[in-house]
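Only one structure is covered here, and it is reproduced in the block below.
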């Protein structure tokens, strides 16, 4: 070991400590936030949606509990959206990285799905209290449709612009079209507050059918690839084991949407004298038969994912976010149980629905506690100081280059030097030291930083 190595190591350690000292905990949280935070709100929404669908609803006491979950969901939605907006403003490189990266970009549409659970909650709790009008719900429906199209198609263009390894396929990739598939679910909830004889009821009905078909068949293609993947590689393990439950979503939600849309079509088509006098009844009968087939498929995928789940899952708190896939994808077929029980007057469906709703609440409680614990211990939603410094230095370097270019255009060489010195002074790092600290930070990140928390992808 040379004599210069010890001072160099000391200088390196001092540089790392100096760089880390300038990174606050809040900065690390904002920089480390991700789109995978939205499933927490979606899982919270799954609780009050399933509770509201119980056959023997106890009334006001349970409604109060549902309302608490509804407001908690809105708080989580606002927290996630505002934090990601701050990330876009303060760390645009990180925000762009999360959108364009294939592993994290698939979670961007989950913001729209989380918004769907808020719309459903607003219908369930805002309309009966008189605080929300049907016109407002109608506007929310078209807002949701516009958001799903505006976000899904650009993300599909970004995602399909690169090749992907099918050996690493997971049903979570279907999140890119999930918002369009949920239009049918939002549509039949909207029809609860719109009279069937109104002209806009027909528009909501047809839009629900069209987008439900678009979303289901696209996600069905993804499910086919999922079957091919597990044929070649076996059951998914690790954090991907959670993704197996996502396959329950498309058939379950489509079964639920078809039954409800078919039910509303009886009154809407009859009131407007469209097609024939029995067209609505034909649609409804066909919807029930199709829903039974899809319900069976959803149950199969649930069992198919549950049997190997415990043996394939990695029991690490850093992977807790992926476990939220145990909640929201199963809402569709759980609510379908209630509808099938009503249609065929089978008490077994109602009991099954009650049992699964209790399981949903228990699962949410366990996951929420573990998620809070993982957040407290710094396992999720946090970046290393080195990652924050790299993006901060990049911002300052870009700003300096822009100002230098402006000064050169003006021909003011003196101002160029002043700008350079002033900006470096504001950053708090001398020009000769900035590149060194950047290099030190990158080396420290490689040597000392923990691996990023895996996602469902």
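Positions of Cβ are set from backbone N, Cα and C atoms, glycine also.
Please treat TrEMBL annotations as automatic predictions, because they have not gone through curation.
The transmembrane segment annotation in TrEMBL falls on one of the ranges 201-228, 397-424, namely 201-228.
Through the fold, the transmembrane segment (282-307) approaches residues 223, 241, 244-245, 247-248, 251-252, 254-256, 258-259, 261-263, 265-266, 269, 330, 332-333, 336, 339-340, 343 of its own chain, all at least 6 residues removed from its boundaries and within a Cβ separation under 8 Å. The listed stretches are 68-91, 103-127, 172-195, 201-228, 349-376; of these, 172-195 has the most Cβ pairs under 8 Å to the transmembrane segment (240-262).
If you look at the transmembrane segment (319-337) against the transmembrane segment (68-91), you find fewer than three C-beta pairs under 8 angstroms, all six or more positions apart, and that falls short of contact.
Counting C-beta pairs under 8 angstroms (sequence separation of 6 or more), the transmembrane segment (349-376) fails to reach the transmembrane segment (172-195), with fewer than 3 such pairs. With respect to Cβ pairs under 8 Å, the transmembrane segment (103-127) is most closely packed against 172-195, considering the stretches 37-56, 172-195, 201-228.
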